[in-house]
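Let me begin by presenting the structure, written as structure tokens, before commenting on it.
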Amino acid sequence: AVQPKSKKTLAKSGVKNIVVVEGVRIPFLQSGTSYADLMPHDLARAALQGLLNRTSVPRDVVDYIVYGTVIQEVKTSNVAREAALGAGFSDKTPAHTVTMACISSNQAMTTGVGLIAAGQCDVVVAGGVELMSDVPIRHSRKMRKTMLTLNRAKTLGQKLSLISKIRPDYFAPELPAVAEFSTSETMGHSADRLAAAFAISRLEQDEYALRSHTLAKKAQEGGLLLDVVPFKVPGRETVTKDNGIRPSSMEQMGKLKPAFVKPFGTVTAANSSFLTDGASAILLMSEEKALAMGYKPKAYLRDFVYVSQDPKDQLLLGPTYATPKVLEKAGLTMADIDVFEFHEAFAGQILANLKAMDSDWFAQNYMGRKSKVGAPPLEKFNTWGGSLSLGHPFGATGCRLVITAAHRLKKEGGQYGLVAACAAGGQGHAMIVELYPQ
């Protein structure tokens with residue numbers, strides 16, 4: 001008979017236990033589809049309302065709201081506050097917005113954990129939002145300067161003099177790019193170089209992407225994506241499910257041309273995450289508060305770490321650096337982890353991380369460690385799909401990872417989940433999620 005694993009306890013004496021009561025997200029949609037005419041706070045408001053509907057938490061019980069976002073809409077730069085007011089939270093509840101690229105809602109959650117652990121709050125709502133259908137496009141700097149000076153000009157003569165200096169090149173717009181400011185390289189380009197550095201073939205990347213879409217489809221059809229709440233889009237239909245899940249065939253995927261490094265690159269549209277609109281929200285409480293209010297928590301949020309590396313060559317290796325650190329902090333090993341939920345930016349990025357995690361040479365030469373941490377077994381890894389198939393609204397993915405880990409632990413009877421993600425700037429995050437005793 002199989003010996004049951006000994007249960008390791010991660011509760012620390014004198015430290016508040018922080019629990020996830022519930023987490024939701026509106027369906028993640030490909031940009032340019034049903035959410036195209038909305039603003040980011042509309043999506044965030046819908047996620048917050050979904051959380052309120054599902055938990056019936058009294059609006060005035062929430063002490064604080066933190067939201068993550070990456071590409072800010074200038075009109076609603078503190079999107080957390082605008083969404084909270086729109087969702088009907090008490091106007092006495094403070095709210096702020098954080099940004100940390102693809103781990104923005106991870107940062108929102110751990111900010112909430114900090115507020116509760118410090119005794120400042122008992123109930124925090126964290127979340128994230130991204131609307132890639134509408135990103136701010138600016139005038140050129142020359143044009144902006146001229147327009148601001150024009151605003152201050154007193155006389156008609158001054159105004160005409162300024163207008164006469166405008167040249168055709170002033171009208172060239174500035175578009176935001178998914179590129180590193182420090183290296184000017186797009187993330188896709190970095191992913192392609194990373195795949196090449198770890199000798200990951202186009203075939204392996206396409207196979208992994210197909211796995212993600214196939215598993216996501218199965219999870220969607222099997223009713224496993226319990227965090228999704230329907231969203232009635234004003235003036236349009238009610239959206240009930242993610243629309244980017246599209247299992248293709250290896251043959252169809254093989255026809256696509258490289259998207260970044262041409263003509264020999266291996267990263268394509270099919271093995272990369274797509275531009276996504278979406279929002280998520282998660283209800284965090286101290287364990288005492290949750291129980292006093294009659295809630296049955298889903299999971300404990302335990303140890304977490306943030307890491308950062310060289311943004312040129314190690315942009316997407318955050319999980320490799322963060323995983324051994326968080327395991328050591330928690331006193332766990334890879335064998336203790338029942339569920340892995342990693343953010344899938346690119347198939348090549350995931351496979352490169354798995355190879356790096358399984359390499360003593362990489363651990364010794366780059367991480368200053370004696371030995372490798374080991375790669376997660378695929379049968380425990382992203383088994384309900386991931387960002388490649390479900391979508392990746394930059395600011396919202398972290399909450400999806402955490403709540404999926406909690407749901408999988410319950411469904412599979414596991415105890416510990418490990419969430420990890422890479423982010424622009426060469427940063428990364430990992431966190432241990434523990435199933436709440438049933």
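Backbone N, Cα and C atoms are what each Cβ position is placed from, and that goes for glycine too.
Annotation comment: TrEMBL describes C102 as active site, acyl-thioester intermediate. With a cut-off of 8 Å between CB atoms and residues at least 6 apart in sequence, the same chain places V70, H343, A345, H392, F394, T397, G398, A421, C422, A423, A424 near C102 (active site, acyl-thioester intermediate), listed in sequence order.
Under the heading active site, proton acceptor, TrEMBL lists H392 (among others). Its Cβ placed at the centre, H392 (active site, proton acceptor) has 27 other Cβ atoms within 10 Å.
Its Cβ taken as reference, C422 (active site, proton acceptor) is surrounded by 35 other Cβ atoms within 10 Å in the chains shown. Per TrEMBL, the feature active site, proton acceptor maps to C422 (among others).
Feature annotation from TrEMBL assigns domain 'Thiolase N-terminal' to 18-288.
When averaged over the domain 'Thiolase C-terminal' (295-434), pLDDT in the model lands at 98. According to TrEMBL, the feature domain 'Thiolase C-terminal' maps to 295-434.
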Helix, strand and coil totals (DSSP H, G, I; E, B; other) for the domain 'Thiolase C-terminal' (295-434):
60 helix, 35 strand, 45 coil
